[in-house]
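J.: For reference, the structure I am asking about is given below.
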Amino acid sequence: MKVYYDKDADLSLIKGKQITIVGYGSQGHAHAQNLKDSGCKVTVGLRKSGASWKKAEAAGLDVREVAEAVSNADIVMILLPDENIPGVYYNDVEPNIKQGATLAFAHGFNVHYNQVVPRDDLDVIMVAPKGPGHTVRSEYLKGGGVPSLIAVHQDRSGKAKDIALSYAAANGGTKGGVIETNFREETETDLFGEQAVLCGGAVELVKMGFETLTEAGYAPEMAYFECLHELKLIVDLMYEGGIANMNYSISNNAEYGEYVTGPEVINEQSREAMRAALKRIQTGEYAKMFIQEGRTNYPSMTARRRLNAAHPIEQVGGQLRDMMPWIKKNKLVDQSKN
């Protein structure tokens, strides 16, 4: 697999173009500020009534309504929640984007599942940093960058890949390394990872472990520490150096228990469930479910969110985290502000 770095990208390609970033959330604020600091001409497209307008202005960015911002752009990067992109694209972007411009995304969901069918005259690319927006920005400010993916869906100009690399470089990505993929692969692997491992799998594993201990009469506080709190310590070791690095760092007792019990808990039945989840993603069945859920204002997701919030692990966790002020001091998300 080829990895692209600074030497492989021509930053001048993007410096000569007008770029519009639609959205100013986690990724939007990072892309807009990084590209501006790289010497690019950047406009942010937002709703004037939105809370992000003043934040973008305070950062010294040119901010306009989406339709106006798009009309002057050579490159339009849409950085909105998946469910909001089709409406904004068809109402504000497609009627106003210039002939032969470049349309860019940071996730392939809407293009891959045909919720957005870009005009035939456009270059369509993806530039997807593999990290949250605050990390994309902070690494850039340190002189580094977050590894990124690029992909080309339509190449009408013959230069779409070069433009994607140039954009990634301006965003700091070629400092960390850029890997080429395609919209299908990025979308399907991203959804699978979220559903089977990172969000769905991890959350259910933590809750089930907590419930098993408390149902057996153990203190909820002990169950929280053993099944949720310490998970970060293990994940950090894997994140830093892989599974072998984690096993090197833990006790022999913990490692032996991993080998004996891990395959009993996460077993062939789990693998079959993962394969079924992947099949739903590959066939578009999951996408249809998510789109229909959105059209009915997310009744199932809202109900499950309430159930999760009411789970005993949330109550005991809140009490225990109050005993650890360093957690609040270093919070990644402050729900009172964002």
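Keep in mind that glycine also has a Cβ here, set from the backbone N, Cα and C atoms.
Grabbed the feature section from Swiss-Prot, which reads as follows:
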type	residues	note
DOMAIN	1-181	domain 'KARI N-terminal Rossmann'
BINDING	Y24, G25, S26, Q27, R47, S52, G133	NADP(+) binding site
ACT_SITE	H107	active site
DOMAIN	182-327	domain 'KARI C-terminal knotted'
BINDING	D190, E226, E230	Mg(2+) 2 binding site
BINDING	D190, E194	Mg(2+) 1 binding site
BINDING	S251	substrate binding site
J.: Around G25 (NADP(+) binding site), how many other CB atoms lie within 10 A of its CB?
T.: 14
J.: For the C-alpha pair, I'd like the distance in angstrom between G133 (NADP(+) binding site) and the residue listed as 'active site', rounded off.
T.: 14
J.: Using C-alpha positions only, work out which of the recorded positions H107, D190, E226, E230, S251 is nearest to S52 (NADP(+) binding site).
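T.: The smallest Cα gap between S52 (NADP(+) binding site) and any of the recorded positions is with H107.
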J.: Measure from the CA atom of S251 (substrate binding site) to the CA atom of E230 (Mg(2+) 2 binding site) and give the result in Å, rounded to a whole number.
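T.: Each residue's Cα considered, E230 (Mg(2+) 2 binding site) and S251 (substrate binding site) end up 14 Å apart.
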J.: Hey, of H107, D190, E226, S251, which of those recorded positions are within 10 Å of S26 (NADP(+) binding site), Cα to Cα?
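T.: Checking each Cα against S26 (NADP(+) binding site), there are no hits.
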J.: How many Å lie between the Cα of Q27 (NADP(+) binding site) and the Cα of D190 (Mg(2+) 2 binding site)?
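T.: Cα-Cα, rounded: 16 Å.
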J.: I'd like to know which of these recorded positions, S52, H107, is least surrounded, judged by other CB atoms within 10 A.
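T.: Selected from the recorded positions S52, H107 on minimum Cβ neighbours within 10 Å: S52.
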J.: Would you identify the secondary structure of R47 (NADP(+) binding site) according to DSSP, in three states?
T.: coil
J.: Looking only at S26, Q27, S251, which of these binding-site residues has the biggest number of Cβ atoms within 10 Å around its Cβ?
T.: Q27
J.: Around Y24 (NADP(+) binding site), how many other C-beta atoms are within 10 angstroms of its C-beta?
T.: 27
J.: Using a 10 angstroms cut-off on Cβ to Cβ distances, just flag whichever of D190, E194, E226, E230 is the loneliest among these binding-site residues.
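T.: Comparing Cβ neighbour counts within 10 Å for the binding-site residues D190, E194, E226, E230 gives E230.
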